[in-house]
Amino acid sequence: WVWGDHGFLRKLGVVDIAGSGTVHLVGGVSALACAIMLGPRLGRYDDGFGALPLGSPVNAILGLFVLWWGWLAFNAGSTYGVSGERWKYAARAAVSTMMGSMGGGLVGLGFSLANPRGIDILSQINGILGSLVAVTGGCFLYRTWEAVLVGMIGGCITCTMMPLVDRMRIDDPVGAFATH
């Protein structure tokens, strides 16, 4: 639709450099469909408390770092090389990816600090992941401030959607739908 020469979205002028819509939109909708079909985990909504406790914050943060590092390579690699003048696109994609994730991290921090139950590391992680998804679409086209703004919007959407999905009693353990 976007990447193919004859795709209808491409003909409309849609640009999706590293797959914000083509990869993440499909992944998010698929995650939602699977979560609805599978239903909640045993005990998830039985006692009325909602979220099950986080198993290991350290492992969650390590997982974020692995994804973050891979995202840099993915977005910079979407410029199809570093030869000739392409290195400038790869560098801009890497800077946009990092700056966008910083914007999402700030939003996640805000949501975390606003949590009446104390600091919530998952809000921080999901703010960063949501910003990475958001910045992927135009990663080498953004100026630095635009990447930060796009990251903040993506982080805000993710941190807002996660409790909404939970209120609908859809068990999405890692927030895949909200993030993507």
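Any Cβ shown, glycine's included, is placed from N, Cα and C.
Automatic, uncurated: that is what TrEMBL annotation is.
Among the features that TrEMBL reports, domain 'Ammonium transporter AmtB-like' is placed at 1-180.
If you look at the transmembrane segment (17-39), the same-chain residues 6 or more away from its ends with a CB under 8 A from one of its CBs are 1-3, 9, 74-75, 78-79, 93, 133-141, 165, 170-172, 176-180. TrEMBL lists 17-39 (among others) with the feature transmembrane segment.
What TrEMBL records for 51-71 (among others) is transmembrane segment.
Counting only same-chain residues 6+ beyond the ends of the transmembrane segment (91-113), those with a CB under 8 A from a CB of the stretch are 17-18, 68, 71-72, 75-76, 78-79, 119-121, 123-132, 134-136, 138-142, 144, 146-152, 154-156, 158-159. Among the features that TrEMBL reports, transmembrane segment is placed at 91-113 (among others).
Look at TrEMBL and you will find 125-143 (among others) tagged as transmembrane segment.
Sequence annotations record features per position, and here TrEMBL assigns transmembrane segment to 149-165 (among others).
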For the domain 'Ammonium transporter AmtB-like' (1-180), the mean pLDDT of the predicted model: 90
